[in-house]
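Copied over from TrEMBL, here are the features:
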DOMAIN    14-152  domain 'Alpha-D-phosphohexomutase alpha/beta/alpha'
DOMAIN    184-286  domain 'Alpha-D-phosphohexomutase alpha/beta/alpha'
DOMAIN    295-407  domain 'Alpha-D-phosphohexomutase alpha/beta/alpha'
REGION    1-20  region 'Disordered'
Amino acid sequence: MTIATVPTEPITGQKPGTSGLRKKTQVFMQRHYLENFVQAIFDAIGGADGKTFVVGGDGRYFNDRAVQVILRMAAANGAAKVLVGQGGILSTPAASHLIRLNETDGGIILSASHNPGGPDEDFGIKFNMPNGGPAPESVTSAMYDAASSMTEYRVYESHDIDLSAIGTHAVGDMTVEVLDPVADYADLMETLFDFDAIRAMIAGGFRVRMDSMCAVTGPYGVEILENRLGAPRGTVVNRQPLPDFGGMHPDPNPVWAKMLMDEMWGADAPDFGAASDGDGDRNMIVGPEVYVSPSDSLAVIAANAHLAKGYTDGLKGVARSMPTSGAVDRVAAAKGLDCFETPTGWKFFGNLMDAGRVSLCGEESFGTGSDHVREKDGLWAVLMWLNILAKRGEGVGAVMASHFAEYGRNYYSRHDYEALENAKAEGLLSALTARFADLPGMEVEGMTIASADIFKYEDPVDGSVSDNQGWRIVFEDGSRIVMRLSGTGTTGATLRVYLERYVAGPDGLDEEPQAALGPIIRAARSLSDMETHIGRTEPDVIT
Ligand code: G16
């Protein structure tokens, strides 16, 4: 076995987005593409010499090949050891946990999250830091700089490592340890939640449905829900991770998790339903004919987390991304907790958690999690909900109704306009920016605009500043419109329009969200002159 130093050239577009580098799989499969970026990761973190990393992915098409390349490149760059999930599989939260548990120097996670997988779909790669969290902007910028001036990469010329069984191997001087991807994560969940109470609830006839969408959480769901909590076999559906997710779009929302939604709205629906995404960090929670929006889920968890044994002392503080509804803010205010508003991207929560300022974070994009790892965590949210329901002895609908009665309701929806021409989407936002100075005081749809600005974040821990993190229009009654371009898509631009309206109650807590948000939706379309800029006013996906 020898180390080859392979001459290469920079490849344009290797700029990490909201969560690592995501491109079409075919792009990643181009000659040198993956290798250049992996070398850029090692260069950006000061080299791999003597370091230990965690490596794994969500099992999508090309995962198996990419893991082998990373192992050979880690060895050639002097890494001492790599911990890799059996079969090259690790959910994102499980990878984050392994990084922390083993005090490694970070990890490389292969996933394009909720995006579909397959040779003609999406692939992705990201680096997580020694704290287990996604690399911050300073590090992803360094990766981009390294990739932009790449002239060579180092790779071991060796056979593939057998990752099909647990065991230890060597690539040159580097040790490769193949681990059970599920065991340590499942053990961690047992320390946080009251498994006895959940087990008793299930034994008493409470029926759970978990849709793993043929993605990575299948084995995790089976081990935790069926093997450890006693749910009947078959509780976890679409449980076999497949390279193309069985053709499913593993995005746990009412549109893409339609099979689950149909079951939860059907006759004899289970008592609780949940779905997760490609790499297991997202979640959707549903009850019989009750959809819990991610923003509301975060608020309910903030209000009830003390019922779970890992959180009995209460929360240190909470954080949400700026476009996420203010439902959690109301719980934080009632409980006297600090509440932080960050840009979109889990990486912005890391500093707050490391500094002990928050222990619960969440985003409207179906992400919730705590400081048990440094990623959002789909199954964690499912178990938190089951723990809350078991301890309260109530169903999802009853919990939501009493939450709204106590705190009021933040009606909320996100409208996505996908595959837009980049220039048109950017044109809409720059034209909107040009109007911002004139908007305060203007009346639209019977509401008066209080302020209009572009969200800028200054990290309270390290002082770093992130600009242009969302266009906000706030009305005098607190209703909001937020717009931004997605940083995770791979085809053109996706315009996200976030809509929110607060109703204090006791009346008006039971409206259909799109109807309740009607004036805000119309205001968003007219204020942004949507029809003129992008030629349409109907979104592709409503969540
Ligand atoms: C990623 C980030 C999240 C973010 C989401 C949507 O999630 O980790 O923090 O909210 O993308 O981002 P955007 O609106 O820019 O598309 P995931 O699950 O895709 O890794």
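In case you wondered, yes, glycine gets a Cβ from its N, Cα and C as well.
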Using DSSP three-state counts, the residues of the domain 'Alpha-D-phosphohexomutase alpha/beta/alpha' (14-152) come to 52 helix, 34 strand, 53 coil
Contact set of the region 'Disordered' (1-20) with the rest of its chain, CB cutoff 8 A exclusive, min separation 6+ beyond the ends, reads 30, 32-33, 35-37, 40, 76, 109, 113, 124-127, 134-135, 140, 143-144, 147-158, 171-172, 344-347, 486-488
Across the domain 'Alpha-D-phosphohexomutase alpha/beta/alpha' (184-286) the predicted model averages a pLDDT of 97
What DSSP reports for the domain 'Alpha-D-phosphohexomutase alpha/beta/alpha' (184-286) is 40 helix, 16 strand, 47 coil
The domain 'Alpha-D-phosphohexomutase alpha/beta/alpha' (295-407) resolves under DSSP into 61 helix, 16 strand, 36 coil
